[in-house]
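Take a look at the structure below.
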């Protein structure tokens with residue numbers, strides 16, 4: 001086992017740079033002054049009382065000191081630039097593939113039937129999305145952020161895609177297969193246009209400008225709601241087959257959190273491969289229930305969620321099929337569709353930024369420099385371009401669940417994620433094998449999400465160590481952005497579910513889609529609110545830079561300011577000399 005070496009915590013000087021929230025004898029007042037509230041004799045008496053209070057623990061005053069701030073997460077077994085052995089890396093790569101497969105199947109199963117496709121088209125779209133995800137993951141890990149992130153299908157593109165699929169311009173088509181191809185070509189055209197928007201934001205440095213003003217206080221709500229904002233894909237989907245989903249959730253928790261402490265071992269097998277053990281055990285259990293006829297008399301909805309033989313993918317998938325560009329025909333371009341998908345691309349940029357930050361923490365990397373953020377967004381645009389050319393029916397984003405898997409396994413290896421991309425490419429070409437894995441009951445997938453999304457949310461909570469939580473400004477920005485991010489998105493989603501359309505219901509379909517796409521994303525609403533408040537509320541006070549944690553990230557705003565940055569984020573093959581990061 002290789003243990004990652006993290007830098008020792010930087011202890012600020014008591015006389016010069018100690019942040020205000022580490023000094024107990026001073027109180028901050030609104031006029032940017034510090035007033036001493038205890039005289040030296042009182043301070044000495046307070047220290048004696050503190051030491052006396054720690055008498056039960058040997059009288060150590062260190063027991064009452066705050067935990068040190070860590071710009072790299074400790075306790076990680078393998079960081080981004082280290083790897084386990086090749087056999088273990090291959091198993092980790094397969095586990096990453098298994099985790100990202102759920103979103104791929106869910107997104108494709110949602111949009112393809114609405115476009116007029118059957119099981120054959122659904123299997124082909126799933127394999128195409130897997131193939132493109134493998135390409136995009138390799139591009140992102142080699143040339144993008146260089147973080148161990150999987151680039152896969154995204155939920156945020158479902159709204160504009162469904163709007164295109166249900167458009168009245170296909171009403172004259174009676175052949176479902178022709179209708180599927182026609183609507184897919186329209187989605188392709190919109191994705192291609194949106195990809196140039198995303199590449200412009202990234203490669204021309206616009207996202208770098210935004211990231212320079214990014215503080216831990218603004219980043220915390222973004223990362224927290226990048227995980228928590230997907231709560232509807234967790235237990236509500238698990239409960240569709242509670243007798244399968246709940247045992248899966250218990251199995252993941254038991255294998256990852258309890259067995260490693262009950263069985264003392266240096267190999268860390270159970271906590272690193274808890275996902276594999278849980279899926280195999282519960283999948284066999286679900287197969288037994290199906291074979292025993294437990295669902296023979298159940299309603300069709302229950303059978304679809306619980307049975308292991310109702311996906312229709314295994315029989316519909318081809319043995320060998322290589323996806324290729326423009327396989328559905330020449331893309332069509334419509335201005336309204338393009339604008340709607342551009343809005344989805346904007347949301348994908350924001351949510352991917354939250355996932356990048358979470359992945360950097362769990363890979364024990366230093367905070368991401370603004371130039372690397374922008375580089376990652378640029379290659380995300382390339383990913384969306386490939387989505388449009390190949391015809392996946394949806395755009396790309398950084399996979400939240402795979403970032404959570406980094407935290408669960410404590411393995412932030414870039415190599416493991418690159419191996420997972422090879423699994424995506426291989427199993428998408430040999431479709432029968434991939435279809436067998438894609439037939440895992442979705443309640444099992446939802447059980448995995450309950451744990452993995454929670455890890456991403458915890459990464460956001462960890463950013464609060466850089467902030468002054470005793471500041472009322474911090475409390476307001478943090479609490480309000482979290483609440484309003486959940487509240488507004490819940491309002492938009494509930495309104496759509498009840499009324500069949502969003503609260504913004506004008507005669508311009510593209511405008512309705514833009515509003516619904518942006519404001520139904522909790523992470524997007526939260527970062528817009530948090531970033532605006534952090535940049536405007538009392539920003540002229542000298543204490544703001546200490547309270548929002550900006551001073552901790554200051555040295556990482558330039559690529560060459562910290563020697564560790566180059567180790568984690570530099571491009572391979574000396575490409576930094578041709579494409580320098582500023």
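Every residue, even glycine, has its Cβ placed from backbone N, Cα and C.
The shown structure was predicted, so the numbers you read here are calculated from the model rather than taken from an experiment.
According to TrEMBL, the feature transmembrane segment maps to residues 244-263, out of the candidate ranges 44-63, 64-83, 244-263. In TrEMBL, the annotation transmembrane segment applies to 513-533, one of the ranges 303-323, 513-533, 534-554. Checking TrEMBL for transmembrane segment across the ranges 126-143, 360-377 points to 126-143. Residues 94-114 are the range that TrEMBL records as transmembrane segment, among 10-30, 94-114. Between the transmembrane segment (513-533) and the stretches 94-114, 187-207, 275-295, 338-359, 446-464, it is 338-359 that has the most C-beta pairs under 8 angstroms. Under the criterion of 3 or more C-beta pairs below 8 Å, with sequence separation of 6 or more, the transmembrane segment (275-295) and the transmembrane segment (187-207) do not qualify as touching, having fewer than 3 such pairs. Sequence-distant contacts of the transmembrane segment (379-400) (same chain, six or more residues past either end, CB-CB distance under 8 Å): 99-100, 103, 107-108, 111-112, 115, 125, 128-129, 131-133, 135-136, 139-140, 143-145, 149-154, 156-158, 161, 184-185, 187-192, 194-203, 226-227, 230, 323-328, 331, 341, 344-345, 348-349, 351-352, 355-356, 358-359, 452-453, 456. With a threshold of 8 Å between CB atoms, the same-chain residues lying at least 6 positions outside the transmembrane segment (149-166) that come near it are 96, 100, 103-104, 106-108, 110-111, 114-116, 129, 133, 136-137, 139-141, 183, 186-187, 190-191, 230, 233, 337, 340-341, 343-344, 347-348, 351, 355-356, 359, 380, 383, 392-399, 402-403, 417, 420-421, 509, 513, 516-517, 520-521.
Spatially, the transmembrane segment (338-359) is not adjacent to the transmembrane segment (244-263); fewer than three Cβ-Cβ distances between them are under 8 Å for residues at least 6 apart in sequence.
Sequence-distant contacts of the transmembrane segment (187-207) (same chain, six or more residues past either end, CB-CB distance under 8 Å): 157, 160-161, 164-165, 328, 331-334, 337-338, 340-342, 344-346, 348-349, 353, 370-371, 373-385, 387-389, 391, 393, 395.
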